[in-house]
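Below you'll find the structure, written out as structure tokens, and then a few comments.
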Amino acid sequence: MSGSQTLVVKLGTSVLTGGSRRLNRAHIVELVRQCAQQHAKGHRIVIVTSGAIAAGREHLGYPELPATIASKQLLAAVGQSRLIQLWEQLFSIYGIHIGQMLLTRADLEDRERFLNARDTMNALLDNRIVPVINENDAVATAEIKVGDNDNLSALAAILAGADKLLLLTDQAGLYTADPRNNPQAELIREVHGIDDALRGIAGDSVSGLGTGGMATKLQAADVACRAGIDVVIAAGSQVGVIADVIEGTPVGTRFHALETPLENRKRWIFGAPPAGEITVDDGAVTAIMERGSSLLPKGIRSVVGNFSRGEVIRIRNLSGRDLAHGVSRYNSDALRMLAGHHSQQISEILGYEYGPVAVHRDDMIVS
């Protein structure tokens, strides 16, 4: 239909449980009703849902389990099926089919798998099926987790080619301070560009009971806005919130998309969870930030993590501040050997070479 929009709706644990130990089914029913209403108008809806662990814990009668990754994965394995059944039952009331997509970081940091996931998403949406997305917590370890569903929702929005991303939480939006501790805190209505001051505000506030606080929501907003996607942070309890976002009615905090969004490949580079990170010296910082240069091995001071050639990595300065994301031309072991050396020495050190740069400027997105 003309004017149809694609909206990604992310529902965190605090929204799905209402702050309790169990899923708040009445509230979920209302959110599904709102989604179905917009679906009937021709809009394309994508759900990013938390709650698998909470659903598993509830279904098993709140067992006493050790605080281990295995326990969380056990609960997720039990709860994931319960959660998807709930979404299926509720959407079926409105004659809407859903399709489950379980993702891990590996599905998103590899370009080919990213494109495959995008094709699946588009196939579902083209057939009027609502994708329901969650991280695959039953198998994901720290090494392969995206880490939180806020950032996962930004990546889902990129996959879906979304117009808007709605992050539902237990607060009305982003405030100038934590409203639970500071009665003078004011709601920030509009954001045009995310800066260090805003990051400082978000870093001091938390949201709900899940893994994502306001800081991760700001990270997600940054990724999505750079991809040309408007983002709204709003309360899940706000009456008619989904219709408000679709219609452009002011609600919560709105982050305006960049007027000149990143092209598709660079959206993937910026959005993909980094497989590792490198720290660079001041000379490299100047070359990257002021001259728009590629990163040479000479400027590398340290390498963290194990990654392959062609994976996305984070580039940081000596103070630990993020400078850029980029696709590494060499694997982590090779970069450790090359760190601090001139490009002319690459072949001598490694016995092979893939060119003189560690990360080419064309494969780099400055933060």
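Cβ atoms here come from the backbone N, Cα and C positions, even for glycine.
According to Swiss-Prot, the feature ATP binding site maps to LYS10, THR169, ASP170, THR211, GLY212, GLY213, MET214, ALA215, THR216, LYS217, an assignment based on sequence analysis. Here Swiss-Prot flags SER50, ASP137, ASN149 as substrate binding site, drawing on sequence analysis. According to Swiss-Prot, the feature domain 'PUA' maps to 275-353.
Features recorded in Swiss-Prot, as mapped to the structure shown.
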{"residue": "LYS10", "record": "ATP binding site", "CB count, 10 Å": "30"}
{"residue": "SER50", "record": "substrate binding site", "CB count, 10 Å": "29"}
{"residue": "ASN149", "record": "substrate binding site", "CB count, 10 Å": "26"}
{"residue": "ASP170", "record": "ATP binding site", "CB count, 10 Å": "19"}
{"residue": "MET214", "record": "ATP binding site", "CB count, 10 Å": "27"}
{"residue": "THR216", "record": "ATP binding site", "CB count, 10 Å": "22"}
Legend entry - Counts by DSSP class (helix H/G/I, strand E/B, coil) across the domain 'PUA' (275-353): 26 helix, 21 strand, 32 coil
Legend entry - Distance, ASN149 (substrate binding site) to MET214 (ATP binding site) (CA atoms, angstrom): 12
Inset, instruction - Report the mean pLDDT of the predicted model across the domain 'PUA' (275-353), rounded to a whole number. - result: 95
Inset, instruction - Using DSSP reduced to three states, classify MET214 (ATP binding site) as helix, strand or coil. - result: helix
Inset, instruction - Please report how many Å separate the Cα atom of ASN149 (substrate binding site) from that of LYS10 (ATP binding site), as a whole number. - result: 7
Inset, instruction - Provide, as an integer number of angstrom, the distance between the C-alpha atoms of THR216 (ATP binding site) and SER50 (substrate binding site). - result: 14
Inset, instruction - Provide, as an integer number of angstrom, the distance between the C-alpha atoms of LYS10 (ATP binding site) and SER50 (substrate binding site). - result: 8
Legend entry - Distance, ASP170 (ATP binding site) to SER50 (substrate binding site) (CA atoms, angstrom): 14
